Each structure stands twice: as C-alpha cells, then as structure tokens.
Amino acid sequence: MIKKEGQVYTVLTNQHVLAPGKSTRIQTPDGNFHKATSVAGVNFQGKDLALLQFRASADYAVASLTNLATVAVNEPIFAAGFPFDADLSQPSGFTLATGQVLLVPERAFKEGYQIGYSNNIEKGMSGGPILNRQGQVIGINGIHADPLWGDPYVYEDGSRPTDALRDLMSRYSWGIPIQTFAQLAPQYASVEALAAGTPTATEENLPPIANDVNNIAQQITVQIDVPNTSHCKGSGVIIVKQGNTYTVLTAEHVIRETEECDRKKLEIITPDNQRYLVDVNENTVKTLPGVDLAVLKFTSKLSYQVATLARHDLEKKGGLVFVSGLPGSTVANGKNNRLFTIGTLFNKEWGSISVKDSLSLTYGYELVYTNITEAGVSGGPVLDIRGHVIGIHGRADGEAVVDEAGSGRSMHLGYSLGVPINTFLSLVTKVGIEPTQLRIYTAEPPSLTESETQSIKLSLLKRVQKPNNSNDAINWLNYGNQLWRLEQYEEALAAFDRAIQIKPDFYQAWYSRGLVLLSLEKYSEALEAFERAIQESQEKFALAWRGKGEALINLQRYPEALASIEKAVALNPKDFLVRVYQGILLQAQERYQEAIVAYDQAIKINPHPWAYNNRSSVRAKLGDKEGALADVNKALEIDPDYAESYLQRSYIRSEWEDREGALADVNKALEIAPNYADAYYSRGLLQYYRGDRAEAIADLGKAIRLNPNNAYFYYSWGGRYSNEGDNQEAIFYYNKAIQLNPNYAEAYYDRGLAYSKLRDRQSALADFQKAVALYRQQGNTFFSRQALARITELQRTPSAVEPANVTLYEGPALNTTFQSPGKISIEIVEIDSSSRRVQVRIAFSQGLYGEGVFEGLINQNNVLELFGILGTLQAAGFPNTDVRLEFLPNKTIKGTYSIYAGAHDFRGRTQNGEFTASQVPTMSKETSLASSENAEVSFNRGYAHHSQGDYTEAITDYTEAIRLKSDYVEAYLRRGIALAQQGESQKAIEDLNKALHLNSDLLQAYYIRGLIRASLKDYPKAVEDYNQVLLRVQEIAGIGVQTEINAQTKILTIVAVTDNLPAYKAGIKTGDQVLEIDDKSTANLSLEEVVNLLRGKKGTQVTLRISRPGKGEFKVTLTREPIVNPQLAEVYYNRGLARLELKDKQGAREDLQKAADLYQQQNNIEMYQTALEKLKEIQ
C-alpha cells in the first residue's frame, strides 16, 4: 500500500500478478478481503508494474517510498511477501527474507527490473516490497533466481549482457526500483521516490562479478590459529555441514606441528569472528596422503555457509581466479580484515614452466596463478568467477632472508601456487568424507570478455598498498612484484628502482627489474639488469642466469644465450625450464644429440608434453620416425588436449608422406584450440601441397589475422610465391617478414635470391651482406658461408645479373621420390675458356624449390664433375647435389644429376636423371675477363674458400689474384692471414710486410703481424705492431647510429641505435629515415659520405631531418660524443699479454683493464672474465 486518499488505498504490484479478465481481491494485514480495481490512465510503457485501488474504512499503514541512493551494493535489505504455499490465514504465512543488494546495472531490463539482490524470493512474493534498513520501500519483487523459462535479462534497447554477466544475473532475485515507478506515475509517489544523482556502488568498488565472488568468499573463509600466538596462522574453507558439525579444508602445513607452533590445540575463527577451539586428534584433524591438504572439524549451533567445489578443468585452460584468506594478525577491533585478491591462473602447461624450479610443483601443487598472497593465506580457497572453489592456496615462489634488523622476511620473486580441488575430490574418501556430503558443481564458468577481465584486474590496484616514504628495500621489492603480477609494468619498474636506490647491491631487485623489462620487450635493458643481478650475487643466482638467457634468446644472440642457460643448469640442474631452453638452443645450432640429452634431463625433472614435443622434433630431424612418433604420442597420453602435439604429429606424418593423417591432426589441433595460428598456417601448407590454393590462402590469411606479428608466416609464404616463379610477390612477403623482424637472416637471404632472379644485383648484394652479418651474430657459420658464396657469385659473374645464361635442361624432375617434384632447370652461367672454369646453376620450382650455383674445371677428358649444396627456401635444408657434364665432340653435352634431400622436411627423398643438351656455349677467348677483373674473381673465390676453412684453396686463389694484379693489397693481407692459420708464420709476415708497404695505414695487417710475432715470442716487435694500431685509431665523435641505404626505398635508413649515445637519448629509432644531414639531402650520397657527415669533433652539433611512419617529418639536433670502438679490446688485451711477458706489469695492468672495460661494453662476458683473471694474476 503506497497511498491513501480518504478511504481509497492505492496498491503497487507487478502486472504479471494479475490474471487478465478476472476479478482481484486484496487481503489486508487484519485478515479482511477487499475488492480491488485497476487504476486507469497510467502508462507504464511495458514495465511489469500495476496499480490497484480498494476502499476501506479501517486505518492501514502506508509505505514510505524512497530511491536507490539510500542503499549501496552489499548493504543489507529486506524483501517481503506471501509465498504460494503459505497459509494466508496464519501470521506465519508472511515471509521476510534478508539479503543484500548485489547489482544495479546502469540500464534496466525491458520490464523495468534493475535491482539484483541475494534475498530468497519464492513464488508468490512477486509485487511485495523491497525495503532498506530504515524500512523504506526501494523497489518491488518480481523475478526469483534461476527462472525456469523465458529470458528476462534483455536490456530496454534490445542488447544483452555478456555471457558471464548474464550467468551472474541469473543467480540473483530481481526487482523494479521505486524510482522507475515514480517517474512513470509521479502523482502516486513522493518526491523522495524520484531518482537521485548519487549512484549506487559497492563499498569495495569491485566490478559485479568480483563483488559476487568476494561476498561468497567472505562467508566461507575461516582463519585457523594457534591460541596465544601471533605467527602460526593459516586459513581454510568450510566444505561440509552435518548437523552442528562443520568440516574445514585447509593446507596440511597449516595444521602441522613445528618447533615454533605447538598445534595440539587449534582455534577456528569464523566470518562472524566467533572462535571455536579444536582439540587436535585423529577424529578432529585428518591429513590427505601425499598432498598438502588436511581437514578439521568444529561444532557450532550457528549457521555458516558451505562452499561449492568446482569439478571442472579450469586448471587445464587457465583464466581469472580469486584467492581469499586471512594473513597474519588480521582480526583486530572486532573486524575480520580478510585478503581477497584477483589474478590469472596459468593453464597447466604454462604453469608448470613458470615456477621458480621443479621443487615448486611438489606435494600436490599444480595450480600456478598471479594472485598476490601473504603469510597466513595458506589453506584459503582459490575460486573461479562463480565463487566455486577450484583449489587450496599454499605456496608462493620467493626467497626467505634475514633483514638488517635480524628479522626473517619473505621476498616475492614469482607466482603463487595451489593444490587443485580435483586432487582433493580424488582422495576425499580417505578422510571419511563421502562425495554426497559435498556441494559439487561440474559445469565450467562462462568466459569473461577482455574488458571485464581488465576491469576486475584494475579494481585490485586500489588494494595494493604503496610503501610511500619507506626506506625498506624488501617492502619496495614486494610492492613491485605485486604490480608486475597485475601487469602494471612501468609502476613495477619504478618500485624496483626505488628498492635498488635504497640497496644498490640488492640482486633480487635487479632480477625483478629484468623480469619487468622482459615483459616490456626491452630485451637489451633486461639483459643489463640480469647481468647486474648476476654480478651482485657473485654469479650464484640461477634465476638471473635464466633471465639473461631469455633476454639473449629474444635478441637472437643464441651462442651467448646457450652459455648463460648452461650456467643456470650448473647452478640449478633441477630447473625444468632451463633444461628445455638448453634443448631448444642446442637444437637451433643443429647439435641434435646434445639437444636430446637436454630434453631427457627435462623429462626426468617434469614429464611435460612440451619436452616430449620438442624431443620429438629433434628425433624427426635425425630421421628417427618411430622415436619422433613415440614422443609425440607420449605427450598426447599425458595431455590429450595438448594441441601443440597434434600439430607436431602432423609435421611428422607430412614428412613421411601421410598427408591425410597430417591433415586430420591439424584439424584436431584446431578443434582443441580454434584460434591456433600455427595450426592454420600448417593446414594452409598441406592444402597448398594438395593443390588447393584457394583453401591454402584462406588458412594463411586466418593465421596472419590471428597472429599478425608472426614474421615466419610472411617469410614462408614468400617462399611459396618464389616457388611459383612470382618473385615480385615473394619480395612483398619477405619485406613484411623483415619489417616485423629486422634481424631475420633467412628472410634477407631469400629476398636476395629473389632480387638476383629479377636481375637486381645491387639489392641482392645488400641483402646477402645483411644475411652474412646476422648469421655471424647468431653464430650460424654454415649459413653465413652460404650467403658469402652468393656474394662471391654476384661479384664474380656478370651473367648473374644479365640474361646471358645457357639452359641445358628445363623440365619435370625425373625419377623422384618427392610427392610434388615440380620442375628442375640446369644452366651454365659462365665458362672461362682460359682456365676451363665453369659455373652451373641448378634450380627447382613448383614443388621442392631452391637453387645452388656450382663451380668446377673441365678435365682433360672434357668432363665437368660438380658436387655441392642445393639451398632450399622452405627449410628443407641443403640437399647434397652431384652434377656431371660431358662435353662431346658433336657439340652436345650429356648430363646427369643426383640430388638427395637429407634435412628435416624432405629427408630421404631423391631426384636423379639424365639429359642431352644440344645448345652448348662457345668456349672462346671472348668469354675471358680482363686481368683486373680476373684478379677480382680469383680473390672472391679465395675469400669464399677462406670463409669455409679451406686455407689451401684460398691461398691458391689469392696467389692467382696477386699474379694478375701485383699491387692487390687485400690479396696480400688475406693470403698472409691464411698462411698464418696454416702455421707458416714467416711467409705470413712477408705477405703482411708487402701489404703494409702498399698501404701503411692497414690496421688489420699491423694487428695480425703483432699476433704472429707474439706467437714467435718476439714480444718487443709485437708491442710495436699493437702500438701502430692504437696510434692510427683517432678518437671518433658521433651520434651512435648505424645506417644503410634501404634496398627498396633507396632512402638512408637507421638500422641500429647504440644505447646511451646522443641518438638514443634523443629518441631516434631503428627504421627512421634520414632525409637531410645539416640541410644536405642524403639522396644519392654514398654510405662513406654519410659517415663523414655524421662524424665530427667532440662537442660539435649535427642536425638531422627525420621521417618516421606515423609521426611524419621532424628535425633533431644532436651533440657529438666520443665513440670508442669496442673491437679495440683485442688489441689492448694482446698488448697487455705481450707487456706482461716483457715484465712491464704496470703497462700490462693498464692494457688489461682497458680491455676488460671494452669487453664489458660489447657484452663479451667470457673475455671480460678472462681479462679480469689476468689482472688478478698481476696483483
């Protein structure tokens, strides 16, 4: 009853309460019935509202109406009504249900419902009042929780809530706010009932889903204490109620007897702060075998909520989770200060590799999550987004230390860990509990949207307490760890920096700083942080070595990464992750047997499908099909939903020609992981080889949309176009790959091949030179030699860029075991009649594809026999190739070829055939080159042999170059180096003397001669040579950039920026285009001219006009600073050694210190340490 005018009372109810076409009666509190009539003339616009009126002479109370501003979410409210099964003639038929306001969405549902609350509304209570604590009506009931039909959760504009929010809404009762009624029928409402500007919000400012879980956690979490102690606390969760007996699940170590904690008596503190004493005996406390779980019982006449346990596979998939517990001394002033945190649960695979080491995942621990936890939270529940318990918290990765005050402290360095509730359910009968006594829910919770996830995570930030003016480094470290877990990387970095400022040798803070920088993909800075952590820990902190290895992997500095990872292995051989990293790095260097040993060790530590998967790929590369299949099948036995293993098995099946089986495996991987970009890519390849180009392109497009930053997708698809002879399109894809990964050596190499086919010699040379530099940086000697050979071919062979080739054979590949053989072409690209030297190119297309250029001499029987390596673009490796050409008197050539693919994708496949060619190039003197050009050819050939370690052939070629060009300085230098490498020191010195006679500023000649003289124990002469090098190296001042002229745009482009030099400080970035230097256009400038413009005297300025994508053009003025060449470290080091032999300890000490400093600048840790050891010997 909301209004009285004379003897007319007005009643507010729901429209759905009234039966259309039937009369209505109202029973008042005195038991009397009154005939009611509907109020006409009020348009409720489809809201579930109705007004009735009746006449009575009695004096009945009328409700006081108000708006939602009088309540806040989580505040108590009351809901009244008469359930259907109530006896209306008895006072007991009236029901007053207690509960809380839980959700008030910004938009109402179509019928006006907008108040979500926890009160238990039964059928028949519709239209009854919802009251605040002052007894004022704020709304009317209308929808009970979990409705059996219909979909009331549709907003007025027709849109719908997210799946997760709808799932939450369905668990609440719903009412219509009085303010909605007041807006539509103001003549029947008071001013107080109209909507106010104050929004309804949670006291905790938590989003609705998190608020719901928090409310549930509040009611089910208890504290477990040892009476009269302050440091023996833990948490637990109520899981069973039988009569007045409750059972609490906790971690076993919470109730374990220790020297510090006498746990013969325990105290359970419930959510209402009641304390219940538990005498520990075999009836009240029981432990579960082999896991960190225990149950204990207490008795109470009061009613407490029992938790719902979730029996689903969230721990396999990961997602948002919550942890509830009571840290340390949290019960004060009668208030329970419970910790409630939000984080991300890793899926099972990632969790097991994200922990500190294998010891973290013992004693039943399998859950790994980012939630912040503290001492005392052990035993508390881990909950999903429905508030169902998925695990019991118990551990956190970190270190225990004693601070400067002598107190034991914990440092948080990693993640938190818990025991899955499924583990408890599998053992529950062993502690006398039947599954029927438990509340178990099996359906998985709905997925959150990204915005919902971020909203919930950000809400936790308000709960993270900043140390403020604290000078406690550990506090700042732990604060930073919390921010890192919440992905607040910049703030975390600032916290770690503060810890380091307080305590500069705090290696754990340096390590944590490195972790944040890894997350920010600032790998060079991360490397510096990890190296500092290593230094401050006296090189004994294994996690810092692991972090350094990860940074180096991302910097593609693989040999250094392997050295760092192997140091981590030595310090902590039980770390599963470093063993896997070790295997991956050995595998990348084609050290397959060693990689298998590393994976064997990883599997002993943790039989994880990742390790089996990787070992499978190595065995496949070694041709061990059965072993490869056994490993991948074992991975799937461990985890039948491990999509990566299905993909790996598809590779194996494809390699051994089972394309249909491979396709079935890829489809299975996509069934498990519908957004698995690599699987779409692989299926695209399979479709391509089946000839279904349209499906292949569709799958590749899907892969790129899912992972647009995967350079390999673009690179490999470039290979597909190159295979089809469309080199322009191939270059487009290679460009994309290089744009995403500027250090992609293979992409530069293959783009160079494409340019060479298009006769663009300059661009091809630039790409091959870049590939050489990158391969060397990666420690990949074999591939760097391949790229050098390409450079030699281009520099030596005009026909490589001019259409002067003579095709001997072009047609289908013959007698092949390859499923899609395609075409093969064999052509002569050069014949030198004076030397009878011949170059032959073999190329595949439209199947197995790639090419190689081979060179040899026609023997006295007019036969040319060639053997070499055929480079392929699709990672098929470098098949061995034999070619034999017999030049017949009838002006024809009889040829045979044999190719054996011995590498990963196409191992064991062969192609061989024979042909007769009638078109033979004329071997006339016209084909010979001029002497100077022949000298260049001989030198380049020698350089190629030299690079491959063939010193004898190199010396022969260098000698021929000198014969043709007597003042060939570089040839004397290179021959001198080759002679030294063969041990012919005196001859080497003679060549170096000749080179210096021709060019007295040849620094390398002085340096090499110094090394040779030192090896001959002629230390005074060696020191003289080293002095000559250092005297000739003047101080260079510049801005700290490397540039190149982009092969496509022809614009001067910055390709590297040196840390802490002017360009770096001014924000210059890799990829910036330099249009002008001091108002001089860079168009048509050579790189030498560019260098001269950028360099100058220390303290002088240079102005650049820069073009940057997304920012446009801008100018920047930089002041030149000294740039020391770190490569001079070798000169200082060797001069120091020579001075030491001459007993010049002071000079040796200075040189070795200078060398150590320079080695440190270039991150050459091995030589840095060697130089330091030499310094120690002098002390």
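Placed from the backbone N, Cα and C atoms, the Cβ positions cover glycine too.
Mean model confidence for the coiled coil (1142-1178) is a pLDDT of 85. Here TrEMBL flags 1142-1178 as coiled coil.
Residues annotated as domain 'PDZ' in TrEMBL: 1028-1095.
For 473-506 (among others), the entry in TrEMBL reads repeat 'TPR'.
Per TrEMBL, repeat 'TPR' is recorded for 507-540 (among others). Residues of the repeat 'TPR' (507-540) grouped by DSSP class, helix first, strand second and coil last, total 27 helix, 0 strand, 7 coil.
With a threshold of 8 Å between CB atoms, the same-chain residues lying at least 6 positions outside the repeat 'TPR' (542-575) that come near it are 356-359, 413, 507, 510-511, 514-515, 517-518, 521, 523-524, 526-527, 529-531, 533-534, 581-582, 585-586, 588-589, 601, 605, 743, 774, 777-780, 1163, 1165-1166. The annotation repeat 'TPR' is assigned in TrEMBL to 542-575 (among others).
For 609-642 (among others), the entry in TrEMBL reads repeat 'TPR'.
The residues of the repeat 'TPR' (677-710), classed with DSSP into helix (H, G, I), strand (E, B) and coil, number 27 helix, 0 strand, 7 coil. The repeat 'TPR' annotation in TrEMBL covers 677-710 (among others).
The repeat 'TPR' annotation in TrEMBL covers 711-744 (among others).
Look at TrEMBL and you will find 745-778 (among others) tagged as repeat 'TPR'.
According to DSSP, the repeat 'TPR' (935-968) comprises 27 helix, 0 strand, 7 coil. Per TrEMBL, the feature repeat 'TPR' maps to 935-968 (among others).
Per TrEMBL, the feature repeat 'TPR' maps to 969-1002 (among others).
The repeat 'TPR' annotation in TrEMBL covers 1129-1162 (among others). Long-range neighbours of the repeat 'TPR' (1129-1162) within the same chain, counting only residues 6 or more positions beyond its ends whose Cβ lies under 8 Å from a Cβ of the stretch, are 1007, 1010-1011, 1014, 1017, 1019-1020, 1022-1023, 1026-1027, 1029-1030, 1168, 1171-1172, 1174-1175, 1178.
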For the repeat 'TPR' (507-540), sequence-distant contacts whose Cβ falls under 8 Å of one of its Cβ atoms, 6 or more beyond its ends: 399, 411, 413, 473, 476-477, 480-481, 484, 487, 489, 492-493, 496-497, 499-500, 547-548, 550-552, 554-555, 567, 571, 1059, 1163, 1165
Composition by DSSP (helix, strand, coil) of residues within the repeat 'TPR' (1129-1162): 30 helix, 0 strand, 4 coil
